[in-house]
Amino acid sequence: MDMERNRLYFFYKRDDKLIERVKPLIELAERGPFVVVDDYREANIIVSIGDDGAFLQAVRQTGFLPDRLYVGVSVLPARGFYCDFHIDDIDHMVEAAKNWKLEVRRYPIIEVTIDGAASFFCLNECSIRSQIIKTMAIDVFIDDLHFETFRGDGIIVSTPTGSTGYNKSVHGAVVDPLLPCFQVSELASLNSNRYRTLGSPFILSGSRTLTLKMSEETSHFPIIGLDNEALSIQHIERIDIRLSDRVVKTVRLKDNSFWDKVKRVFL
């Protein structure tokens with residue numbers, strides 16, 4: 001890790017219990033070669049303290065900054081996919097930094113554009129579902145090709161790192177984050193003599209654009225999930241999803257690869 005990066009911003013929930021647990025970490029940083037700042041825009045390292053959900057919030061609320069390093073520190077008994085460090089093991093963090101046992105990993109993110117105007121980024125996934133108990137009808141385009149007309153509860157579009165989350169729970173594939181791609185998975189699709197979809201997840205190259213065109217009856221009540229946040233916009237006609245040119249840079253232990261984490265969590 002570049003030691004010229006020494007301005008830290010700590011992102012965490014300001015409750016009394018967590019403040020007490022974070023205090024020794026801040027004190028250690030201030031005694032070392034780091035400067036702790038109160039504004040993330042002044043930092044070049046953003047440290048998220050909590051769990052994977054907190055890490056997603058940290059990245060989103062600081063604007064998916066491509067020139068910052070993000071570090072995940074867990075407060076739970078087990079480390080997550082984005083948290084390589086544990087708050088109760090400060091010595092391990094210090095030892096790893098001193099002995100160059102860290103490396104920077106660049107994770108792909110997807111860009112979601114709604115009706116050609118508002119754009120949002122996702123590190124895990126974007127999901128499109130109905131706010132009411134009603135089947136959605138969505139025309140699915142890959143680039144300019146009309147691929148299928150989907151009818152069902154919704155669609156999940158996930159990044160490689162997000163493939164272990166919501167996507168996996170609907171039997172999507174786990175994808176290596178070194179692959180520049182994104183995955184499309186169905187939520188309870190209708191398949192019959194009348195309606196037909198592919199009926200399985202599919203993976204698109206990072207050079208592709210996925211376009212979802214809502215039917216008139218579907219456009220009134222969609223809810224868009226952006227990682228762990230929900231966006232409710234009425235009268236959506238079109239959603240374009242592509243792999244962004246941006247990446248999120250994270251600091252991880254060299255001996256804790258993505259597949260190490262998959263094995264630890266699922267096997």
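Cβ atoms here come from the backbone N, Cα and C positions, even for glycine.
The structure displayed is predicted, hence computed values, not measured ones.
As recorded in Swiss-Prot, the features of this protein are as follows:
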{"type": "ACT_SITE", "residues": "D52", "note": "active site, proton acceptor"}
{"type": "BINDING", "residues": "D52, G53, N124, E125, R151, D153, T164, G165, Y166, N167, K168, S169, A188", "note": "NAD(+) binding site"}
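Overlay of Swiss-Prot annotations on the structure.
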residue : record                       : Cβ within 10 Å
D52     : active site, proton acceptor : 23
N124    : NAD(+) binding site          : 29
R151    : NAD(+) binding site          : 21
T164    : NAD(+) binding site          : 23
Y166    : NAD(+) binding site          : 20
K168    : NAD(+) binding site          : 18
A188    : NAD(+) binding site          : 12
- Could you tell me the maximum Cα-Cα distance in Å between the residues recorded as binding NAD(+), namely D52, G53, N124, E125, R151, D153, T164, G165, Y166, N167, K168, S169, A188, rounded to a whole number? 32
- Query: At the Cα level, what's the spacing in Å between Y166 (NAD(+) binding site) and the residue listed as 'active site, proton acceptor', rounded?
  - Reply: 13
- Note on the structure: D52 (active site, proton acceptor) sits from A188 (NAD(+) binding site) (Cα to Cα, rounded, in Å) at a distance of 26
- N124 (NAD(+) binding site) and D52 (active site, proton acceptor), distance between Cα atoms, whole Å: 10
